[in-house]
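Below is one structure, written out as structure tokens; comments come after it.
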Amino acid sequence: MEYFVGDKEYFKGIGKIQFEGKGSDNPLAFRYYDADKKIGTKTMAEHLRFATAYWHSFCANGADPFGSATITFPFADKDPMTEAFAKADAAFEFFTKLGTQYYCFHDADVAPMSDDAKTYEKNYHKVADVLLARQKATGVKLLWNTANAFSHPFYMNGAATNPDFAVVSRAALQVKNCLDVNVQLGGSNYVFWGGREGYMSLLNTDMKREREHLGRFLAMARDYGRSIGFKGTFLIEPKPMEPSKHQYDYDAQTAIAFIREFGLEADFKCNIEANHATLAGHTFAHDLQVCADNHMLGSVDANQGDAQNGWDTDEFPSNVYETVSAMLVILRQGGLKDGGLNFDAKRRRNSTDLEDLFIAHIGGMDSFALGLEIANRIIEDGKFDSLVKNRYASFDAGNGNLFEAGKMDFATLAEMGRNAQIVQHSGKQEYLNNLLNSYLFG
Ligand code: XLS
Ligand code: CA
Ligand code: CA
């Protein structure tokens, strides 16, 4: 089988990435991710539902505020549409060789942006036709797409929350086209990440009005999506800041409150990104757990931040403690369902070899495969679960149970406090840390 789909191979010298197991020292092989291996009732591939992010993998060229591009792509072309078609071929060659079954993109990643609305729409739909053909040829599916309503100078004061109605309508044009393309490509989810849906200063901002506009905009987009046959889940991706000083979808808890405040809970869930949770001062697992507890965990952007840096470094996941704690939440909620693990992660600016893009993804996939296997063992053994269950045992029967069931009034509860026999119970945190290490390292 050929692993490229157009008439040209872009990642020359790299074949299908194989599982070679722990003993392998081949950097272009999986050591832990064995797609067909059964973990419980599902294969690793079915559990993990990996997706490649178009923007980091095929658009980010290493430029940062201090320096220019360091990465050259084999599909680069002077003509933006020629480049877009070549990029699509390269992307599908990459997915097929690597074995990620899903992909995600912004409109601006796949087709050139244009100030002129008609040109934007024409470009985007031409490329979407090619994406559909490539999906059919390879079996790779769209996990989600989204509108880039934050890069163009139009959006410097926000998109749906812009104080100028003209900009709000232009953002709607993009979202409409993205929903049209989503339905054409059979997407499972549609994402709203509001990079500039926030403020830089309260001195010039009517926050109440902006949040209401966002609520209205999302409800209208939902209604449009449903009217054209979008059956998937709408996802809000929380992030506390960057590029805005303050973003309205600060973290999972805030996004869920927003979804409920504007009556969107039947159609919306969250897309949780690890690095955004840590930027908000939480752990990755915390935001996942908040969503799982509220039946709001739709999908995951799998990456990691940097402990020393306060910004969104979007690194490939390599911290197995984090992947274990993420997979514990995901397995306990019964899996990702129609969501997936999207590598919203980029190589470092100085990782400039073509093979580094593969190596980065292989590391992320292996880290999540380890996380899956270890979390599954932890759950099957039940030691952590039984410790947590025992910790709350006083609510399982008697008065604790009446309290939990809402069958007690406050004065009665307080009266019980008068004679309560309070015994000290250790939280056993160090024991649990050590127990966790024994699952990781034997
Ligand atoms: C940026 C976000 C973005 C979303 C999609 O920080 O992670 O890439 O995932 O717009
Ligand atoms: Ca993201
Ligand atoms: Ca990010």
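Heads up, the Cβ atoms here are built off N, Cα and C, so glycines get one too.
Annotated features, as they stand in TrEMBL:
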type     : residues               : note
ACT_SITE : H106                   : active site
ACT_SITE : D109                   : active site
BINDING  : E237, E273, D301, D344 : Mg(2+) 1 binding site
BINDING  : E273, H276, D312, D314 : Mg(2+) 2 binding site
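Around the Cβ of H106 (active site), 23 further Cβ atoms fall within 10 Å across all displayed protein chains. The binding-site residues examined here are E237, E273, D344; by Cβ neighbour count within 10 Å, the least packed of them is E237. Applying an 8 A CB threshold to same-chain residues 6+ apart, the list for D312 (Mg(2+) 2 binding site) reads K239, E242, N275, H276, L279, G305. Among the recorded positions H106, D109, E237, D301, D312, D314, the ones whose Cβ sits under 6 Å from an atom of ligand 3 are, in sequence order, D312, D314. Candidate recorded positions: D109, E237, E273, D301, D344. Nearest to D314 (Mg(2+) 2 binding site) by Cα distance: D344. Across the structure, H106 (active site) and E237 (Mg(2+) 1 binding site) are spaced 14 Å apart at their Cα atoms.
One way to see the shell of the Mg(2+) 1 site is to take the Cβ centroid of E237, E273, D301, D344; the remaining same-chain residues with a Cβ within 8 Å of it are W193, K239, N271, I272, A274, N275, H276, V300, N303, N342.
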